[in-house]
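Only one structure is covered here, and it is reproduced in the block below.
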Amino acid sequence: MSREAGEIVLNRAVRRRYGVVAAVAGVVIVALAMAWLLIHGITGVRVSADRADTEPVWWRWLPALAASLVVAMMPWRRDPIPSDVSTGELRLAVRGETLILAASAVAFTAALIAAGGAEAAHTGGKVLLLVILPLLTFRWFRSALSTRPPLPAAGPTAALAATAAVTVWMMIALLVNGPTWASSPAPAVPGAQLVIALIGGFILNAVVEEYFYRRWLQSRIEWLLGRWPGIVLATLLWSAWHAAIQGVGRLDLDLASVLVAHAATGVLLGLLWSRYRRMWPLLTVHGALNALPVLVSLLGAP
């Protein structure tokens, strides 16, 4: 066996260990967060910045876990470990990009919490820290992942598998949450203004977040450490920023609440990206997550 082949085999073994550690750590962190909430008598979680009411955890977990199970049962696309990212200058470039992206995610969360979740800080922070800074970073480092992004899975199988998972998530989400959404007050805004708000929210939330946390950040962690470290770390960082807009003002409880509320959905989004390397399933789930409550409330309004 050549030295290069030996390094790749060793790298794969290390990545498998990282994967086990990351998966276990993710479960432990979410379990501790849930236990912390129960200790304080909290059994529901906020899932929207637009209303203060809470909902049972399983309302979010059941659709995400069912769809994740569908993903797990479908054909897996295993990306080979690229030798040009495993050693040399390009590996250092990917590390540099990853560190800056992770720091941007932490800075966005911290700044938004410090600003009390203000809309200006939310919009400005996303544009600056989740879009402009990453693009400047890619231009500076020009690693293999920024000059040659991961290719999508070939053939119709990947599209069929992703469609099945998204459909299962959508159906169960509507079945579980539909009655509550339908009985909620419909937005009291003109139709044109509502359409603009939904489109703007889709771009700012679904598009920006999925590109940053999954396509950019998760991909780099995956290539450096493996699939599950990428999924878990991206999920934790993505979940954490919601504490600024879905909390009650106590940081420990706010962080625990958003981890419990969003972890299962984050894992589903991470799995969809890791397996199929297609953006549309992520954008569909994330966009529907934000838009469905509004649309169903409109349909259910008298």
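First residue shown is number 1, and so on along the chain.
Every residue gets a Cβ built from N, Cα and C, even glycine.
For reference, TrEMBL has these:
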DOMAIN    193-292  domain 'CAAX prenyl protease 2/Lysostaphin resistance protein A-like'
TRANSMEM  20-39  transmembrane segment
TRANSMEM  59-77  transmembrane segment
TRANSMEM  98-118  transmembrane segment
TRANSMEM  124-141  transmembrane segment
TRANSMEM  153-176  transmembrane segment
TRANSMEM  188-208  transmembrane segment
TRANSMEM  228-249  transmembrane segment
TRANSMEM  255-273  transmembrane segment
TRANSMEM  280-301  transmembrane segment
Against which stretches of its own chain does the transmembrane segment (188-208) lie, if we need a Cβ under 8 Å and a gap of at least six residues from its ends? 123, 126-127, 130-131, 282-283, 286-287, 290-291, 294
Between the transmembrane segment (20-39) and the stretches 59-77, 153-176, 228-249, 280-301, work out which stretch tops the count of Cβ pairs under 8 Å. 228-249
One stretch in 59-77, 153-176, 228-249 has more Cβ pairs under 8 Å to the transmembrane segment (280-301) than the rest, namely 153-176
Per the Cβ filter (under 8 Å) with a sequence gap of at least 6 from its ends, the transmembrane segment (228-249) is approached by 18-23, 25-26, 29, 45-49, 102, 105-106, 108-109, 112-113, 115-117, 122, 209, 213-214, 217-222, 255, 257-259, 261-263, 266-267, 269-271, 274
What are the helix, strand and coil residue counts for the domain 'CAAX prenyl protease 2/Lysostaphin resistance protein A-like' (193-292) according to DSSP? 91 helix, 0 strand, 9 coil
If I take every residue in the domain 'CAAX prenyl protease 2/Lysostaphin resistance protein A-like' (193-292) and average their pLDDT values, what number comes out? 93
